[in-house]
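Following: one structure in structure tokens, then a few remarks.
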């Protein structure tokens, strides 16, 4: 049997962490029809990741011997089944089975009493196993992008008193039970793009709920549907709370036998008020506008030339320019940076799927080139650091990540380690270079201090890169622009923040929330068009709260 050097090294050094990913590992798996059996002898492992291996379709039952595992990451493979014996991994805290071909989950998962994070997104699941309430330490569940039609009843159990994040977007869920208010720690609930008709008013009783997403559901309450597509969480919860109160009052009125005439008057008054509120809400939503500026309308439009060498490193790139983003008012810049971080953590899979970089367009010297350089020759001034080579930067980041791990007394690797490993073994690193020869972006690691955005930034250059596919880049860029539009609208509406940091509040109130997105072309070395963003097919998802003007 062929020996795997990574496994031999882990055994010799008695390592507690092992990461196997990419083409080299996939070829080995394909040649023997699965993982080598020697991996199951590494009983000291706390962290095991096997990812990005399309030839991996199943995991052997011998995985039950890895009883010290705390994190098991099996994402972006082609797994069709997980063995029941996974329930034997009694120390498991993190289980990531995302982006596979799973049609069912084993009941054994419900025996993982230490489990705090479960990610089964991007599979073919139709149901979840009953009994998840036995995993009383669960804090995060992600079941997005499956075919699930309903939540198991015990998912609403008060036993899950640590569950803070529930992501179930892009499924076929038809009902959200009012018992969801029994989850006392719930902070984030995402049930966007499902088949919901109603949102229970009891949701407003969740004491810690801070972020909800019901976009893409055809709700019977049309005013509520408009609100979920354009309002902040607090406004939606206040509306649900008021709706529940009114329903209760109506029930009491019915019990007391109030006259039909009085009810009719109330209904007329309610209808009139509802029509006024809907009109106000529609006016509010109309302020969220993105205007696309065609490349032919901008004689000096920026172009990015892509070298052929990036094909083997990180081949996919989309870019655009954005004007009208108000970063000056109050905490607007901070909110934007936090939103970018959240997109990196969620949609971009902690930068393993795609990476976003934002630049001050006025500091760019075009045309730009997307190229590769040897690690020792790639020099950049990383955000908040001095100039250094890519080799030096990677070494510094590894040391910092290891120090952080020790400080927090963790056995598993951090998110920082996770995307550093994407470049391991590469002879060349990807980079975006300006006309002066300076590297302004080094994906997926960092971008340059030279083009760093600030409160005074008036025009942004956005880039999204990925090793997966071009559509991934476009989807992430779509999500980023929609989020920017939402943030801009929020900033425009909360004018009380506009006068902070010494700026003129009167001037800030005149700011429009409309964004202008200017197309950017990427071309090959011969000048042939590779992609232009946004095109007519972009920003075309079900963003009913967004108006795109071409």
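Residue 1 is the first one shown; counting continues down the chain.
Each Cβ is built from the backbone N, Cα and C atoms, and glycine gets one as well.
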- In TrEMBL, of the candidate ranges 493-512, 513-532, the one given as region 'Disordered' runs 493-512
- Which residue range, 136-172, 173-209, 210-246, 247-283, is the one TrEMBL calls region 'Disordered'? 247-283
- Note on the structure: In this predicted model, the domain 'B3/B4 tRNA-binding' (313-489) has a mean pLDDT of 88
